[in-house]
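Q: Pulled these features from TrEMBL for this protein:
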{"type": "BINDING", "residues": "A:C96, A:C99, A:C136, A:C139", "note": "Zn(2+) binding site"}
{"type": "BINDING", "residues": "A:H128", "note": "Fe cation binding site"}
Number of protein chains: 2
Amino acid sequence: MASASLQEAVSVLKSTNVRMTPQRHAILEFLHSSMSHPTADDIYKSLEERFPNMSVATVYNNLRVFKDAGIVKELTYGDSSSRFDCITSDHYHVICNDCGKIVDFHYPGLDEVETLAEHVTGFEIEDHRLEIYGTCPACTKMSKQ
Amino acid sequence: MASASLQEAVSVLKSTNVRMTPQRHAILEFLHSSMSHPTADDIYKSLEERFPNMSVATVYNNLRVFKDAGIVKELTYGDSSSRFDCITSDHYHVICNDCGKIVDFHYPGLDEVETLAEHVTGFEIEDHRLEIYGTCPACTKMSKQ
DNA sequence: AGAATAGATTATAAGAATTACAAACAAAGA
DNA sequence: TCTTTGTTTGTAATTCTTATAATCTATTCT
């Protein structure tokens, strides 16, 4: 399920008769290289040079394909546009309320939460999502000046 | 910070020169009475009878006022429109991937997560958000038939 | 190889949620 | 009462995302 490398992601796709196109490869590549959890538009803009004719629809289409294949995750915060992230390992995000900066945060799984939720609610739990909000060091410094 | 009752919410607002209007009262009332985490449009529609002239903009404006005052929380899931929730106590949400049903789930605070995140990232942590996803009993039953 | 088929991309239009803005309104204070 | 501040309303504008149809590309089958 977790696809650590770009190659893994590609082979996951191959196994579900999804063709590997240059655009798809570029989007995946960008997602893997980027540490910044980009929006669809970020991706579109950053590939504009290499693919002058690429449509925004292609970005959205493929992000959905990747999501369905389980190699990419969609993150919805308050700020209107979704952000996308390769699924690599179990980590959470710490988000700055001021500047929006996102920092990865590793934390031993919250499996017990899922187990408990299953017992209490009767749901079949599949996943969970945890985010932590605060002020990043830079913004804290700024506000104290 | 936590406003358990409608009255508390009202007095929090009074203390920050925010006027209490009939529309605002109705929105708060609805949020408190509703267990369903409504969207802005849900709120708008449900108050249509009592306030035939109310504008959608009013709903959005006031939800933001409430958010800024810290008595209402915005929840963004994948599905385009935000949902709103009174801040009452520390509980989390279990969400059905099939039908979207949301069930409250009480869980002893994840304070340690915040503490750890503070140490690791240098952020000043203020808040966190946890959601749990799965399939509710009804949908599970359906899919097994 | 050539034809048929399935899948992908592109461009554009449409849709939905949210925000911006200006005008009209209401309340509080001097 | 007059002024000021804050609120609502209605509408237009913006933004993100999806739908659609046409074109293009790759794969498969004969």
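Every residue, even glycine, has its Cβ placed from backbone N, Cα and C.
No curator has checked TrEMBL annotations; they are predicted automatically.
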Q: In whole Å, how far does the CA atom of A:C136 (Zn(2+) binding site) lie from that of the residue listed as 'Fe cation binding site'?
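A: Computed Cα spacing between A:C136 (Zn(2+) binding site) and the residue listed as 'Fe cation binding site' is 24 Å.
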Q: List the Cα distance (Å, whole number) between A:C96 (Zn(2+) binding site) and the residue listed as 'Fe cation binding site'.
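A: With the alpha carbons as reference points, the distance is 21 Å.
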Q: Using the alpha carbons only, what distance in Å do you get between A:H128 (Fe cation binding site) and A:C99 (Zn(2+) binding site) once rounded?
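A: About 25 Å separate the Cα atoms of these two residues.
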Q: A:C96, A:C99, A:C136, A:C139: which of these binding-site residues has the sparsest Cβ neighbourhood within 10 Å?
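A: Taking A:C96, A:C99, A:C136, A:C139 as the binding-site residues, the minimal 10 Å Cβ count falls on A:C99.
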Q: Listed in sequence order, which of the binding-site residues A:C96, A:C99, A:C136, A:C139 sit with a CB under 8 A of chain B?
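A: Listed binding-site residues meeting the cut-off: A:C96, A:C136.
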Q: Taking the Cβ of the residue listed as 'Fe cation binding site' as the centre, count every other Cβ atom within 10 Å, in any protein chain shown.
A: 20
Q: With DSSP assignments reduced to helix, strand and coil, which class does A:C136 (Zn(2+) binding site) get?
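A: The residue in question, A:C136 (Zn(2+) binding site), is coil (DSSP, three-state).
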